[in-house]
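Going by Swiss-Prot, these are the annotated features:
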- Arg18, Trp19, His33, Asp69, Asp77, Leu78, Pro79, Thr80, Asp137: substrate binding site (BINDING)
- Arg18: site 'Appears to be important in orienting the phosphate for catalysis' (SITE)
- 30-142: domain 'HD' (DOMAIN)
- His33, His68, Asp69, Asp137: divalent metal cation binding site (BINDING)
Amino acid sequence: MKQSHFFAHLSRMKLINRWPLMRNVRTENVSEHSLQVAMVAHALAAIKNRKFGGQLNAERIALLAMYHDASEVLTGDLPTPVKYFNSQIAQEYKAIEKIAQQKLVDMAPDELRDIFAPLIDENAWSEEEQAIVKQADALCAYLKCLEELSAGNNEFGLAKTRLEKTLELRRSQEMDYFMAVFVPSFHLSLDEISQDSPL
């Protein structure tokens, strides 16, 4: 049986730190971020289905979100100000991401490749799936800003403002619901979020 480096590469997601140009109270890695994006994307899909007449496969969307930054094990996490410095850099980075996604897919064993390819290759996602994962990705970055600001780290003030604009551009009914129901708790301390439901 031929060996595959697929999961050895994926396990390195935990070694790639996000927000590398900014001082962090708590460092966040790509593995942690991917789990949170998967949970939030699943919630957004479930909210859309339950409250707003959606027909999404919430479990598939959670899987897509789990793998949405997987190619960064080959490219690293390029800081947002660099990635979107101008349209040419953004376009070139998208091309690099596509190459990295394909390289990662090619590492999977032949008999499993058709399972992992549609999870890693964003071109295999529907527009609606892409939109939900992008919403969740932006929401999680926004939540990171709230956590850092709550811890007294003003370094994330401008990032929060930028992400508020991004969230407004990606706005949806399910995102509005999530923002109204779940986000306010991120401004509270552990004691405050625990007092209503003590063990």
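From the backbone N, Cα and C atoms, a Cβ is placed for every residue, glycine too.
For the domain 'HD' (30-142), the DSSP counts in helix, strand and coil order read 91 helix, 0 strand, 22 coil. Pro79 (substrate binding site) sits 13 Å from Asp69 (divalent metal cation binding site), taking the Cα positions as reference. The number of other CB atoms found within 10 A of the CB of His68 (divalent metal cation binding site), across every protein chain shown, is 24.
Arg18 (substrate binding site) has a Cβ environment of 20 other Cβ atoms inside 10 Å. The Cβ neighbour count for Asp69 (divalent metal cation binding site), using a 10 Å radius over every protein chain in view, is 20. Taking the mean position of the Cβ atoms of Arg18, Trp19, His33, Asp69, Asp77, Leu78, Pro79, Thr80, Asp137 as the substrate site, the remaining residues of that chain whose Cβ falls within 8 Å of it are Pro20, Val30, Glu72, Ala141. Close to the recorded divalent metal cation site, the chain also has Val30, Ser34, Val37, Ala65, Val133, Cys140: residues not among His33, His68, Asp69, Asp137 whose Cβ is within 8 Å of the site's Cβ mean position. Ranking the binding-site residues His33, Asp77, Pro79, Asp137 by how many other Cβ atoms lie within 10 angstroms of each Cβ puts Pro79 at the bottom. Recorded residues Asp137 (substrate binding site) and His68 (divalent metal cation binding site) have their alpha carbons 9 Å apart, per Cα-Cα distance.
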